[in-house]
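What follows is a set of notes on a single structure, which appears directly below.
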């Protein structure tokens, strides 16, 4: 007990006194390493599936939108409970921190179980809703049928990972998530090609990886005083629910809107054929991979921002924001240049099909133009969320794929056809960037930064 208290006191001292650049980079390393593994997993998973055929690539692309929706609940409970736990730790209220840990975990598993049950019961309707055409329906259902089994484990693992990270212990959660991703990458070619399971093999590999991450996190959390998986400590009250949902809403709405925007995109693309869905699937994974390291840096920034804001060290909060914004934008400029220079080669790695290469390289080049803006949008959203400005954070995180994107994807294709679809994302990025600049400038003084 005494050692645990001393460790937490040492963590508090580290987060509030270590020089900002050194501290953020240290906090970011575990998440960044996990993100590197995430990049490998994301690209490897898409690579192996794309080697099956265009139908499988497009079917998994349809399922990505559903995965974003389910992941949203992991971010909701993880950030909601993690933000509250971090504030309680900064105030040295460890009893409340411990209670929130188990509440968030149990609710996340129950939510995943409900999603799994309803998804399996209405599998055909789900596949059609995601945008499956007659040629894609069978393979999409095959993939979703297996993928749904892992939903409770995936949501719970994301919850625990964010609880650890937001308390300033990112390496614990990152190691577990990384382990699951590595297992997934190893099993993908074995199940898909050696056992000749095709798209079902990819789904089995994903579910096994999710379960392994969950088990590791449960074991690790049981070793820590404030996150013990003990159902006797589970109880819900109005305050807990308010903090749980209020603190996680910005991340939840962002991820939900990503899922909705992908569904709408796929439903627009299916008019032009499976090749367009497959091409956008590959590009979306490349862009996601390109932003991973920037998000890892943001994950290092968040606990620093939360702890110092809670300790009323506003000058350190301002320094942390400036350092992280500058670093994120520079990195995304570099990624943008790489994508613009090698767009055809990157798409060709996944599918050596002339039509997909032509479509995919054009989409990747257009989306690369506004990638640096995503760095600013992402970090400012994290900043506002970490300083308890949940409404403003939700507006920023929900605009790029939600409030701005959704009207554009519904209007522009009808006006410009497929060209309208190509320019929806960069236009949404630019408008969201303008909103972010205005909100941060407006609330900086109020936040005493």
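Placement of Cβ uses the backbone N, Cα and C atoms for every residue, glycine included.
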For this session: Could you check which of 286-311, 390-415 is flagged in TrEMBL as transmembrane segment?
Result: 286-311
For this session: Could you give the residue numbers and ranges of same-chain residues that sit at least 6 residues beyond the transmembrane segment (100-123) on either side and whose C-beta is under 8 angstroms from one of its C-beta atoms?
Result: 66, 70, 73-74, 77-78, 80-82, 84-85, 88, 141, 144-145, 148-149, 151-156, 158-160, 163, 221, 226-231, 233-236, 240, 243-244
Seminar exercise, completed: Maximum Cβ pairs under 8 Å to the transmembrane segment (201-223) among 55-79, 172-195, 427-443 is reached by 172-195
For this session: May I ask for the residues of the chain that lie six or more residues beyond the transmembrane segment (363-384) and have a Cβ under 8 Å from a Cβ within it?
Result: 250, 254, 279-280, 283, 286-287, 290-291, 294-295, 298, 301-302, 305, 321, 324-325, 328-329, 331-333, 335-336, 339-340, 343, 346-347, 390, 392-393, 396-397, 400, 422-423, 425-426, 429-430, 432-433, 436-437, 439-440, 443
